[in-house]
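Q: According to Swiss-Prot, the record shows the following:
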| type | residues | note |
| --- | --- | --- |
| SIGNAL | 1-20 | signal peptide |
| DISULFID | 29-77 | disulfide bond |
| CARBOHYD | 33 | N-linked glycosylation site |
| DISULFID | 43-92 | disulfide bond |
| DISULFID | 46-130 | disulfide bond |
| DISULFID | 54-108 | disulfide bond |
| DISULFID | 58-110 | disulfide bond |
| DISULFID | 113-120 | disulfide bond |
| REGION | 131-169 | region 'Disordered' |
| COMPBIAS | 145-154 | compositional bias 'Low complexity' |
| COMPBIAS | 155-169 | compositional bias 'Polar residues' |
| CARBOHYD | 158 | N-linked glycosylation site |
């Protein structure tokens, strides 16, 4: 009887684990809409805009005996295809380019995280929104539509796939 109970418990845990990993609580890697912030040091106004980024769950594994074997690379949700769009920052002084370009996700996939070009999580060195200013020049974030786009770039899986502010100097 004890062996039958152990077998039943093992089956329930096995099926429950498979069901939980495929449930609606973990949406798979896909393009989603996100609001980002853009600013330039010389321009007085920070704006927010909506674009599509790659986000979602990528299946991963962890070794049971990590000391015996090297770590398994963990996949991240990243761009498969993208295009670039641009926005114009209002109020920039003469001689300062008011255009800021950013990637727009067309399709996503689970792939390796390339630290050189991708935000792989962890602490951020800049905020995800417009910073409040103490001076009278406001950096309140008015919403801005996209102004121009370029052609899709297939196979560009090494672009940043998480919402980051676009800040240029």
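Backbone N, Cα and C atoms are what each Cβ position is placed from, and that goes for glycine too.
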Q: Using residue 110 (disulfide bond) as the reference point, find which of the recorded positions 33, 43, 46, 92, 130 has the shortest Cα-to-Cα distance to it.
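A: In terms of Cα distance, residue 110 (disulfide bond) lies closest to 33.
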Q: Identify, among the disulfide-bonded residues 29, 43, 58, 77, 108, the residue whose Cβ has the fewest other Cβ atoms within 10 Å in this structure.
A: 58
Q: Which has the fewest other Cβ atoms within 10 Å: 110, 113, 120, 130, the disulfide-bonded residues listed?
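A: Among the disulfide-bonded residues 110, 113, 120, 130, the sparsest Cβ neighbourhood within 10 Å belongs to 120.
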Q: What's the number of neighbouring CB atoms sitting within 10 A of the CB on residue 46 (disulfide bond)?
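A: Excluding its own Cβ, residue 46 (disulfide bond) sees 22 Cβ atoms within 10 Å.
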Q: For residue 120 (disulfide bond), which of the disulfide-bonded residues 58, 92, 130 has the nearest Cα in space?
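A: Going through 58, 92, 130 one by one, the Cα closest to that of residue 120 (disulfide bond) is 58.
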Q: Taking Cα atoms as reference points, rank the recorded positions 33, 43, 130 by distance from residue 54 (disulfide bond) and give the first.
A: 33
Q: Quick one: Cα separation, residue 29 (disulfide bond) versus residue 113 (disulfide bond), in Å?
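A: Rounded to the nearest whole number, the Cα-Cα distance is 14 Å.
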